[in-house]
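Q: Once you've had a glance at the structure underneath, I'll fire off some questions.
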Amino acid sequence: AGNRRPIWIMGHMVNAIGQIDEFVNLGANSIETDVSFDDNANPEYTYHGIPCDCGRNCKKYENFNDFLKGLRSATTPGNSKYQEKLVLVVFDLKTGSLYDNQANDAGKKLAKNLLQHYWNNGNNGGRAYIVLSIPDLNHYPLIKGFKDQLTKDGHPELMDKVGHDFSGNDDIGDVGKAYKKAGITGHIWQSDGITNCLPRGLSRVNAAVANRDSANGFINKVYYWTVDKRSTTRDALDAGVDGIMTNYPDVITDVLNEAAYKKKFRVATYDDNPWVTFKK
């Protein structure tokens, strides 16, 4: 049992504060939250909008900073709202509304908001690990902006809690080049997927897993989205993913409890560093 792969069950499109408890109570140890930006590259709402996944309400939202405060409560030990199981948050950054030259600025503004409203200026803030998920390889300067702002504000150590993802289903080699340009090594999650309304094969997941498991790969963790069926869950686990994003965390939980999967996998806890590649 000591060598089971830790799995992150990632609740999809958790954009209202009330949904945090809803998804964690169904078995999610991680959530994905959409972040929309205004014209000045300020994070504005936790909002997805239409269209979104089949069977979901696309329009739930909060003001970004309000959501961060709710998230902080849910991930701060001792808080009455604390959810011990919630250990990772993926911010799906909707930077498509921005010009490429605003990416750095968006990163700075995002960092300022997280520092104040989530990390409580470094004073016993939320403890979850954070993945900044960027849809466009050209927006890699967002990462530098984020890092520079935390450093400027005196909290470079918080980058220990921050990881990265490019979510555009780009060629894995091109993703690697973007990280080189950004000067990033480590803390890398690689997503692959499509809306639950459409089927998608696992060929790119297999490529990402192969990179992760190779001696000179740059990827630390691979996740697949959006998975709502038991059969797809099994296929993804068989392919060796580390995370599964879902609208139904209880479905993923059920599969992980099946005898064949219980032997090889377990639900990740706070003690599982999400930046460390799992070695079989």
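Using N, Cα and C of the backbone, Cβ positions are placed for all residues, glycine too.
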Q: Check Swiss-Prot: it lists Glu32, Asp34 as binding Mg(2+). Then name which of Asp92, Asp100, Asp105 it lists for that same site.
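A: Record check against Swiss-Prot: Mg(2+) site with Glu32, Asp34, extra candidate from Asp92, Asp100, Asp105 is Asp92.
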Q: From the candidates Cys52, Cys54, select the one that Swiss-Prot records as forming a disulfide bond with Cys197.
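A: Answer per the record: Cys54.
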Q: Between Cys54 (disulfide bond) and His48 (active site, nucleophile), find the distance joining the two CA atoms and give it rounded to the nearest Å.
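A: Rounded to the nearest whole number, the Cα-Cα distance is 13 Å.
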Q: Looking only at Cβ atoms, how many others are within 10 Å of the one on His48 (active site, nucleophile)?
A: 23
